[in-house]
Amino acid sequence: MTTQAPPSNLLPLNPEQLARLQAATTDFSPTQLAWVSGYFWGMLNQQPGAVVNAPATAVEIPAITLISASQTGNARRVAEALRDDLLAAKLNVNLVNAGDYKFKQIASEKLVVVVASTQGEGEPAEEAVALHKFLFSKKAPKLDGTAFAVFGLGDTSYEFFCQSGKDFDSKLAELGAERLLDRVDADVEYQAAAAEWRARIVDVLKARVPKDTPAQAANSASGAVNEVSTSPYTKEEPLVASLSVNQKITGRDSEKDVRHIEIDLGDSGLRYQPGDALGVWYQNDPALVKELVELLWLKGTEQVNVEGKTLPLSEALQWHFELTVNTANIVENYATLTRSETLLPLVGDKAKLQHYAATTPIVDMVRFSPAQLDAEALIGLLRPLTPRLYSIASSQAEVESEVHITVGAVRFDIEGRARAGGASSFLADRVEEEGEVRVFIEHNDNFRLPANPETPVIMIGPGTGIAPFRAFMQQRAAEEAPGKNWLFFGNPHFTEDFLYQVEWQRYVKEGVLSRIDLAWSRDQKQKIYVQDKLREQGAELWAWINNGAHLYVCGDANRMAKDVEQALLEVIAEFGGMDIETADEFLSELRVERRYQRDVY
């Protein structure tokens, strides 16, 4: 970081002091500079006449370490709100993303608060994987001198609801830490639960920290360390943009319907980086709303209350409630409410409830187990509609005021009736070109190109997991980055499912893409996947890794990401001369060094 100094006659420092200050801070990150700024501010604001010789009193106040383990941004938002609450209470708090936390220092922590989301089949957020592994390893220290609290975020439509939060909570207690507050497990509608928990944990922490000490003011600014987005557009206040291109990029005979979507951001000034995600607010299909209303013998004109507003039922269902994802809780509550002879036997059997919810959309649950509900009872069953996140498939270095995404339209039949995913069918079928789309950027600092343009990059992205790597290549091409780039891509058929084929061929021809390995799972009798290609190219892959390459994986979390990681472990073990356990430690080190990054869902 370089700073243009003002004229020397305006500085309160002499040249020697200025040189020492610049030398001491030249390699500081923005986070560290913010902390130092707050620390000196605190020193300045001690009582008049006080003499500051050394920050000796600062260590008397236990710092609250607030760890954000976020996958889609919700955990980060809760953690940032708690940080602000703690600062307002004049408590010393240090907010850190789990991926940046030096987890071996946990034994020296006095107060730890974890806000943890869950992904996939009960796995921790990507940025928290290394910390999770460390705590569950033999290297984890005893934490007898530590007190902690955990807030978990999850989605009850998944079997392992809030499992990551449960893991952190149980393991910290097992290691000897004192639980300050019972863990809270919050569903997608987490805001009220989070607000209540924040108030409770602030009160608990205030009772643990000595009062009225100068060190509190000196350290309180250390919590204000996260970069704050200056964009006026957020999840709560999205940009109303325009859909300019909706192009099917799979072949006529493909079993998949994948769309290349381009959205015009106009003069909004909305900025993003390769690796970020686009949040899309969608509306439910009016035909689906009509079908559900009629199945329940309702009219759709009934008035219901939504967040303090009175709306017609049909409008509320189209704009405000999730209709395409069923959950075990919804099934259980519907069964109890309607006394359904079909569904009541499932109540109490978690596995059966989960399976039924995963295979039976809400509208078909009502069709198979009909009942008559009033409008408010229906609304009470449903969860609020939430935006969907899509990996961004473009770089503003090339597309400027546009953002591109790659959308796999979810389509299936239930007993001959066509069903579709909420957001994907909205984008693929119901938004006309030049139609309005409400969007926002979800920044993802855990999926970034190397800072050094000479660093080699290995990208593994089957299916729509290819999206962020299109952004990566646009960025590397625009910067004329000399680093080598290697892409692994897979899909069922070469002729029908080679997404962005012409672009990849052009990048190869121009030398931007150094090599590409393709896996077509259905073009031959034996299925071939990207993980098979990784093993096939193991020696070269290991050579790239040894040469400092960064590894990136994007796509399905439940199967692909696990299979790819297993293949990577086998390659590292075989060609690195390690056993699997040592290879796992090696891969964990790559993760800590930000050389192994995943965007999985």
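Numbering starts at 1 and runs along the chain as it is shown here.
From the backbone N, Cα and C atoms, a Cβ is placed for every residue, glycine too.
These come from Swiss-Prot:
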- 64-202: domain 'Flavodoxin-like' (DOMAIN)
- 70-75, 117-120, 153-162: FMN binding site (BINDING)
- 236-450: domain 'FAD-binding FR-type' (DOMAIN)
- Thr324, Ala358, Arg388, Leu389, Tyr390, Ser391, Thr406, Val407, Gly408, Gly421, Gly422, Ala423, Ser424, Tyr601: FAD binding site (BINDING)
- Ser521, Arg522, Lys527, Ile528, Tyr529, Val530, Gln531, Asp563: NADP(+) binding site (BINDING)
Q: Return the member of Asp155, Arg522, Lys527, Ile528 nearest to Ser424 (FAD binding site) in space, with distance defined Cα to Cα and candidates limited to these binding-site residues.
A: Asp155
Q. Do you know offhand how many angstrom separate Arg522 (NADP(+) binding site) and Arg388 (FAD binding site) by C-alpha?
A. 29
Q: Return the residue, from the listed binding-site residues Ser70, Ser117, Ser424, Gln531, with the maximum count of other C-beta atoms within 10 angstroms of its C-beta.
A: Ser117
Q.
Which one is it, among the binding-site residues Tyr158, Thr324, Gly422, that lies nearest to Lys527 (NADP(+) binding site) by Cα separation?
A. Tyr158
Q: Sort Arg388 (FAD binding site) into helix, strand or coil using the DSSP assignment.
A: strand
Q) Cβ-Cβ under 8 Å from Arg388 (FAD binding site), same chain, 6 or more residues apart: which ones? A) Gly279, Val280, Tyr282, Gly422, Ala423, Ser424
Q | Conformational class of Val530 (NADP(+) binding site) under the three-state DSSP mapping | A | helix
Q: Select the most exposed residue of Ile528, Val530, where exposure means the fewest other Cβ atoms within 10 Å, treating these as the binding-site residues.
A: Ile528
Q: Between Ser117 (FMN binding site) and Tyr390 (FAD binding site), find the distance joining the two CA atoms and give it rounded to the nearest Å.
A: 18
Q) Three-state secondary structure of Asp155 (FMN binding site) from DSSP? A) coil
